[in-house]
Amino acid sequence: MELWFTENQDENLRFSLKVKETLVVEKTPYQHLAILDTYQFGRVLTLDGILQTTEKDEFVYHEMIVHVPLFTHKNPKSVLIVGGGDGGSVREVLKHPSVERVVLAEIDEAVVRNSKKYLPTISQALDDPRVEIMIGDGIKYVNEHKNEFDVVIVDSTDPIGPAVGLFTSDFYKAVYECLKEDGIIVAQTESPFIYGKLINKLSKMFKEIYPITKAYIATIPTYPGSLWTFTMGSKKYDPEEVDINSIPRIDTKYYTPEIHKAAFVLPKFVKDIFDEV
């Protein structure tokens with residue numbers, strides 16, 4: 001008998017993967033977690049039936065949410081990651097030799113624990129001595145820390161369940177205070193094909209708070225619509241003014257200096273979503 005995982009991406013759209021083996025299923029205090037081994041995309045992490053990451057294409061998301069802001073900042077030493085308990089963003093952050101401290105604020109310890117056990121290629125950096133894992137509410141952590149981080153990465157799930165509070169103006173204002181005077185925030189801001197209204201709303205929030213607000217894109221096959229957006233808010237540095245010739249080559253599969261520049265060239269319909277008043 002064939003076993004398939006199916007994600008209901010919205011009321012009219014489903015995405016399915018054929019499953020080799022169910023590795024773990026756990027009902028945590030916050031959500032329903034499963035890690036499955038699939039034929040096409042390797043091991044995958046799902047939360048509440050929504051695909052979070054896969055071994056085959058995770059590098060696109062993690063490289064783009066990390067390297068674009070960290071190479072925009074002139075000298076990132078301290079980085080806060082809100083969410084991201086699978087460890088992929090931590091792995092990418094630690095490719096930057098200037099980084100001295102990474103705080104991972106993850107609300108659900110089961111995500112960290114199971115990722116370490118079943119997703120070693122993604123979670124491999126979580127035991128690095130520069131990493132502090134804070135199991136708890138990332139919003140509360142942000143509110144309690146002022147002028148502390150060079151870069152804040154909001155590596156959240158979709159805007160449902162535990163992540164709802166990470167898509168609010170109050171949270172982005174708190175991040176502004178959490179950042180140093182030349183700090184940068186980047187957040188994953190969903191698919192323009194599915195969440196156009198939300199993206200426009202978030203863009204307006206960022207523009208009200210951060211003097212420099214830019215959107216960029218990447219293609220992630222297993223995410224709804226495949227085309228994915230990220231929104232960056234910066235107090236000082238413009239990501240489009242980075243001299244790409246000065247960006248050092250690091251070990252990546254998707255991100256390059258050329259991709260850094262190209263990612264900010266938005267299709268017209270995406271630009272319209274971000275620019276609509």
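Heads up, the Cβ atoms here are built off N, Cα and C, so glycines get one too.
Straight from Swiss-Prot, the features:
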ACT_SITE  D155  active site, proton acceptor
BINDING   Q31, E106, D137, G138, P162  S-methyl-5'-thioadenosine binding site
BINDING   H62, D86, D155, S156, T157, D158  spermidine binding site
DOMAIN    2-235  domain 'PABS'
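Rounded to a whole number, the distance between the Cα atoms of D86 (spermidine binding site) and E106 (S-methyl-5'-thioadenosine binding site) is 9 Å. For the recorded site, G138 (S-methyl-5'-thioadenosine binding site), the DSSP three-state label reads helix. In space, D155 is the closest of the recorded positions Q31, G138, D155 to H62 (spermidine binding site), judged by Cα positions. In the three-state DSSP reading, H62 (spermidine binding site) counts as helix. Comparing Cα positions, D86 (spermidine binding site) lies closest to D155 out of the recorded positions Q31, D137, G138, D155.
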